[in-house]
Amino acid sequence: MSSKKKKTDAEAAQVQAAVEVSPDLDVEELEGVGKVTGAKLKEKGFYTVKDVAFASVKELAEIIGNEERALQIIESARKMLGLHSFISALEVYERRKKIRRISTGVRSLDELLGGGIETRAVTEVVGEFGSGKTQLCHQLAVMVQLPEERGGLGAKAIYIDTENTFRPERIMQMARARGLDPDQALNNIFYARAYSSDHQMILVEHAKSIVKQHNVALIVVDSVIAHFRSEFPGRENLAERQQKLNKHVADLLRLADAYDVAVVITNQVMAQPDVFFGNPLRPAGGNILAHGATYRLWLRKSKENIRIVKIFDSPYHPEGEVSFRITEEGLID
């Protein structure tokens, strides 16, 4: 057997061994992580090999106090899970076929999205006040609970509310309309009110343990930008705000990818005073949110209870828009 063939076989065996390692293996099983370090990591939300593999060196270094050691631990976790190995585009395609989707409850919007809101992705919903962003979030928190044959995932939701707009009464209306027990529907939603940007980010860290312990398939942050805009006003604070927002969005994306959950964030709009033709509004958050979100939807009001939603940024969807109505039962075609 040639040395090249031996090397190829060895690499294949290494990849196969990595695949067979459970990503939920306790973090203390990692090389270089004992009980003391393991306890420190768990206190900050790093419970498993997978948690560490998706972390940054800076994050772990702040916990264990040594950057070089943090790098070694992360490299060990990634090697254990085979994250250093290249795979074929065909394998990527096969993996994407396993992506789960949550129906929005609006057939035309599901078709526009290719089946609904994807797991392992961050979907951003942009719009003015009263455009229906929160209504859509409420409906998704109900829809995710439905069985798969009805467009759901038979799962629970986490709802982080930054503007005090969550209404359990609305959840109950939507649940009844879809044949769910209203009290049980509420019981399947883990709710938290975020009172500052720091609190909001801490809640996302805590969400990780809830996702691990419960059957959670949806995380909603409504709205992602509100506290950041109010706490960092003016150009002099813009760089600090964007740096902090960048970490927050990165944490959400890692959470979505690591635990196969759908993340939906809502975003506000801001006016461009120098625009005289076309739409003078643009999403808040700048390039951080533009690059951080996987899919971007724009909601706007039409006449009476009709709303129009447009997909304006996606890795593979064509641009398009559909309309829906907001009724007592929820969002419908």
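Cβ atoms are placed via backbone N, Cα and C, with glycine included.
Lifted from Swiss-Prot, the feature list:
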- G127, E128, F129, G130, S131, G132, K133, T134: ATP binding site (BINDING)
If I restrict to non-local contacts, at least six residues apart, and a C-beta distance under 8 angstroms, what lies near G132 (ATP binding site) in its own chain?
L299, K301, R307, V309, I326, L331
Given the recorded ATP site (G127, E128, F129, G130, S131, G132, K133, T134), which additional residues of the same chain have their Cβ within 8 Å of the Cβ centre, ordered by sequence?
Q135, L299, K301
Taking each of the binding-site residues G127, G130 in turn and counting other Cβ atoms within 10 Å of its Cβ, which one has the fewest?
G130
Write out the long-range same-chain contacts of K133 (ATP binding site), meaning residues 6 or more apart in sequence whose Cβ is under 8 Å from its Cβ.
V125, V126, G127, D222, S223, T266, L299
